[in-house]
C-alpha cells in the first residue's frame, strides 16, 4: 500500500524550472532511492515533501492526507521523520538529551517549567540509541561525536516520533565506506521491523544499488526512470544520462555491473 | 516653500555625517563581525582632535589640516584598539568583543574629559566656506552644501575602493565568508587591522566635519553610536549603498520630524526602524547573513545539575546573605539590596540571551516598565507596595509580550537593535509624557509599606523575592522549556523538523524575561523611593548586558556573579575617585582579556564544577 503519493510536483526558482511535474509513490516498508546528477531536482523534491519548500503546483499525500501547504513541524506531527544532508543536532546537549528533546516535543511537553528535562523519557531515548548502536555514548556531549556517529544519532532522533515516512537526504554523505554500509543495513532493518516507508537521496551508487528496493531517477527536473535496481541499471536512457556526467562511476573504480 | 527646501537640504547635510560614521561601523561589522560600541567614541575623538588642531594651528591650514589629521589619528587609535584588545578576542564567545568595546567607550569618555574638560567647545566656522547661499529666498550655510556634496563623493570613493582594489575585494570576500577567505590564505590579521583603520578613520572624519556645525561635547559618543547603529541596521549590515540610503532617510526624518513632532523626533526614527525591520528583516539592502561555521569558539557544554560542592556553596552564600544585616550598616544594606535587584535583572536578561540566544540591547525597557508600574500606582492610585510588586512583573511582561512579537521575527544583531528601538520608545514616553510620568523629574515618594520600611526588612524582602525568582528561572532552564529554548538556538532547522514552533517559544521566553525584569524594576523603585526615566535608558540596558557578559553568558551562575561584581565595582569606584569611568572601563578590558569566557565561565573551567571534562575539549 502506498504510504506516500507524490503527484505532478512543479517548482520554479525565478526562471529556472527545477522540478517539472514529478510523480511517484513510496509503499510501506519500502526503501525508495531518488537519484540523479547534480541539479536534477532531487533536493527540491525532497524539501517539498518535507515542507521546507512550497511547490508551485502538485500534491503530496501521506496516507491520503495532503501535506502541501503545511509547515515542516505540522508535517512532522503527521508522522514524517527527517535527517539532513549536513546533520542538524543540538551541540549543547548530550547524545541522550538530543533524543529526549524529540520525545519531549512528540509528547507535547515542551512548555514544562518544573521537572528537569534530562529525567524525562530517558529510558525511551536510551532504547532508541541502543537500536542505532549509540547507547554507550549516551552521555557524551554531541558536539564531540565523530560524523558517522552524528548521522546515527540523527537517525535515532528521526525515529523518536514513530514516523510512518522517513526522509533521508544523502544519509551517508561524509561517512567512511564501512560506516555507509552499516548505516544503510541498519536503516533497512528498521524499515523491515517497523514497516516505515523511506525516501532517500544518495550519490553513492554502491549504497543505492545494494539497499534500495526501488529507484527513481531524475534529470533536469523530470523523472526518467522508475523501477527495480536491475531495471534501472539496464535502462539505456539512464546509462546515457549518467555516462554524460560520469557520476555513475563515483567511488567505483571497477564500475562493477553498473553500466556494463 | 523655500523653508522646506532648506530644511530638506540640512537633512541631507546631516545625512552625510551619519553616512560617514555608519559606513565605518558597517565595514567593521561586515569583516570582523564585531559590533563596535566604541564607534561613537571615535567620532567624538575626531571632533575633539580636529578642534584642537584648528585651535592651535589656526586659519585655513589648521581647520582643513585638522580634519585630515583627526581622521588619520582616529584610524590609528582604531588600529591600536584592534592590535591590543580585539585581536585577542576573535575566538571568544559572540558579543564578548562588544563588552570590550564598551570598556573602551568608558575609558575614552574619561580621557576626553581629562584632556578637553567638561565644557562644550565651540569650533570655528570653516575657512573658505563661512558664508551662506540663498536658496528660494532662504539663507543656507555654504558648509552644509559642501557636506551634501561630500557624502556621495565618499560613497563613490568607497565603492570604487571596494570594486577595483585588491584590498576592497578582500573586504568584500571576508564580509561574505570570513572563514573561507581565511582558508584561502588571506592574512586575516592584517585585513582586520586595516579594516579597523578605515572604519575608525571614517568615524573620526565624520566627527571632525561636525565641528563647525555643533559644539563639541562629551555626550557626542553615545548619541552618535546609537544613530549610526540605526542607520546600519535600517540600510542592511555590510551594505554601503544601504547605509547611504538609510542615512538619507534618517537625516530627513530628523530634519522634518523636528517640525512636525519636535517632542518625539527620536521616537519617529526608531518607529521607522521598527517598521523597516519588520517588513525587511535584514534592512533595506541587506542580505541574510551567511551562517557562521561555528568553528570560531568552543560549543557550549551540556547542562549538568549542580553537584554537591556547588549546592553547598550556594547554601553558604545564602547563609552569608541572611546573616549580613547583623553586621552591615545602613549604607551597606542599601547597596546590597540594589545589588540583589540587579542580580535578578541580569538573570532575566541572561535567561533570554543564554539559553534563548536572543541578545537584547534594550532590556532596561522592561525593568523600567516594572519600576513605573510601582511609581504610577503610588502616584495616581495610592496603591500599596504589594500591589506595586504584583503589577510590576505584569506590566514588564505585557511590554515584552507586545515588543517581543516583533523582535522574535528577527535574529542576531537585528533583533538586538529592535529591542533597543523599543526601549528608546518607552524611554521617550516616560521622558516626555510629563503629565503622567513626571518627565525628567520622575516620580518621588515611592516608598515601601510601613512594615517594610526599615532597611533590613526591605533587604530580607528583596532577598526572598530575588532568590525565589532566580531559582525559578534556573529551574526553567533545566526543565523542558529551557531545553526547548536551547534547541531553538542551537538548530532552528532541526527544531522545526521535530515539531517545535521556535518563534512562539522565543516569544514566551522573551515575555518571561520581561516579566522578571519588571519584577526587578518594581523592587528597585521601592528600594530607591523614586522612579526616573534613566531606569530605562540605553546606559541601563548596557549595564545589564555588561553584567551578563562579564559573568559569562554560557553559565547559569554567570549573571549572578556579573551583577554582584559590576555593581560592587561601580559603587566602590565611584566612591573613591572621579575617574570611575576610566577605572571601570579599564577593569572591564582587563577582565575581558583575562577571562575571555567570563568570570563564572573561567571558574567553571578551572574547577570543572558542573561540566564534563569532555565538554571543554
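Backbone N, Cα and C atoms are what each Cβ position is placed from, and that goes for glycine too.
Residues of the same chain lying 6 or more positions beyond the ends of the transmembrane segment (B:12-35) and with a Cβ under 8 Å from any Cβ of it are 42-43, 86, 90, 94-95, 97-98, 101, 144-145, 147-148, 150-151, 154-155, 158, 171, 174-175, 178, 191-192, 195-196, 198-203, 205-207, 209-210, 213, 224-225, 227-229, 231-232, 235, 237-240, 242-244, 246-248, 250-252, 254-255, 292, 413. The transmembrane segment annotation in TrEMBL covers B:12-35 (among others).
The annotation transmembrane segment is assigned in TrEMBL to B:42-61 (among others).
Sequence annotations record features per position, and here TrEMBL assigns transmembrane segment to B:98-117 (among others).
If you look at the transmembrane segment (B:145-162), the same-chain residues 6 or more away from its ends with a CB under 8 A from one of its CBs are 9, 12-13, 15-17, 19-20, 23, 126, 129, 133, 168-169, 171-172, 202, 209, 240-241, 244, 247. Look at TrEMBL and you will find B:145-162 (among others) tagged as transmembrane segment.
Under the heading transmembrane segment, TrEMBL lists B:191-209 (among others). Residues 16-18, 20-21, 23-25, 27-28, 31-32, 36, 39-40, 42-50, 66-67, 70-79, 81-83, 86-87, 90, 147, 150, 154, 167, 170-171, 174, 181, 220, 224, 228 of the same chain lie 6 or more positions beyond the ends of the transmembrane segment (B:191-209) yet place their CB under 8 Å from a CB of it.
The feature transmembrane segment is assigned by TrEMBL to B:229-251 (among others).
What TrEMBL lists as transmembrane segment is B:340-366 (among others).
As annotated by TrEMBL, transmembrane segment applies to B:386-406 (among others). Panel annotation: around the transmembrane segment (B:386-406), residues 274, 277-278, 365-367, 369-374, 377-378, 418-419, 422, 426, 446, 449, 465, 506-507, 510-519, 521-523, 525-526 of the same chain, lying at least six beyond its termini, place a Cβ under 8 Å from a Cβ of the stretch.
What TrEMBL lists as transmembrane segment is B:413-436 (among others).
Positions annotated as transmembrane segment by TrEMBL: B:456-484 (among others).
Summarising the annotation, TrEMBL assigns transmembrane segment to B:505-526 (among others).
Annotation source TrEMBL lists transmembrane segment at B:579-599 (among others).
Listed by sequence, the residues of this chain that lie at least six past the ends of the transmembrane segment (B:340-366) yet keep a Cβ under 8 A from its Cβ atoms are 95, 321, 396-397, 399-400, 403, 407-408, 411-413, 415-417, 419-424, 426-427, 459, 462-463, 465-466, 469-470, 473, 476-477, 482, 485-486, 488-489, 506, 509-510, 512-521, 523-524, 527, 535-538, 540-545, 547-548, 551, 553-556, 558-560, 562-564, 566-567. Note: the stretches the transmembrane segment (B:505-526) and the transmembrane segment (B:579-599) are not in contact (fewer than 3 CB pairs below 8 A, sequence gap of 6 or more). The stretches the transmembrane segment (B:98-117) and the transmembrane segment (B:579-599) meet in space: the count of Cβ pairs below 8 angstroms, excluding pairs fewer than 6 apart in sequence, reaches at least three. Listed as Cβ neighbours of the transmembrane segment (B:42-61) (distance under 8 Å, sequence separation of 6 or more from its ends, same chain) are residues 21, 24, 67, 69-71, 73-74, 77-78, 108, 112, 115-116, 121, 123-124, 127-128, 200, 203-211, 216, 218, 220-221, 224-225, 228.
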